[in-house]
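Here is what TrEMBL says about this protein:
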type: TRANSMEM; residues: 32-52; note: transmembrane segment
type: TRANSMEM; residues: 58-74; note: transmembrane segment
type: TRANSMEM; residues: 86-103; note: transmembrane segment
type: TRANSMEM; residues: 115-132; note: transmembrane segment
type: REGION; residues: 167-189; note: region 'Disordered'
Amino acid sequence: MGIHRNEKENWLYKYRPHYPRFEQIPHYYGDVVRMLFLVAAVVMLGGAPFYADMLKQQLPFLIVGAAVMVMLAATTNPWSVMVMRLNAVVSGVGAVVFEYWALTNYQTGSPIEFALRQVIALMCVFAFYFALKTLRSMLMGTVGKEADLTEFGDSKTKEAVEGLEEFSEPVAEDGLGHVPALEDDTGND
């Protein structure tokens, strides 16, 4: 039984680790928001014992905040504008609250408390950024669409780009996808 040519060429493909790309859908960063929310929830709950002085006051907020972040991470998808709005609100509120806690308890708390709160605040800032980028794209209707070169150009730019497209000829490739070397005037490669 023979091996198909593509299977022979891509035999290493099934043994290589595959990592999720952050932008499989153009202009959609919900996967990044999801990962940031999950890591922030783990840091919030895992770091809770280090808030010994204020644990009784902050524990309900930490548990509810982590549960909300996990819930939003689980429901984030490229079709739900409402979930992305909630992602933006929760990440913005989380950034403000944890940065406030970090700075107000800077001198009274331990350095570990400060570092944990700063890390959570920074993750929320990045989640806020990517949630807003995705929300903007959703509201503009550009999620899943590639960028267009003529989108913002004037009429001269559009004409120039269209002129370039007329002259784009396919280039012959060898079996490996490389363009063959051009021959010089003497016939040597």
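Cβ from N, Cα, C; glycine included.
Annotations in TrEMBL come from automatic prediction, not curation.
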Residues of the parent chain within Cβ reach of the transmembrane segment (32-52), under 8 Å, 6 or more residues beyond its termini: 22, 58-59, 62-63, 65-67, 69-70, 72-73, 76, 84, 87, 90-91, 94, 109-110, 112-113, 116, 119-120, 123-124, 126-127, 130-131, 134
Close approaches to the transmembrane segment (115-132) from elsewhere in its chain (Cβ under 8 angstroms; 6 or more beyond its ends): 29-30, 32-33, 36-37, 39-40, 43-44, 47, 50, 84, 87-88, 91-92, 94-95, 98-99, 101-102, 105
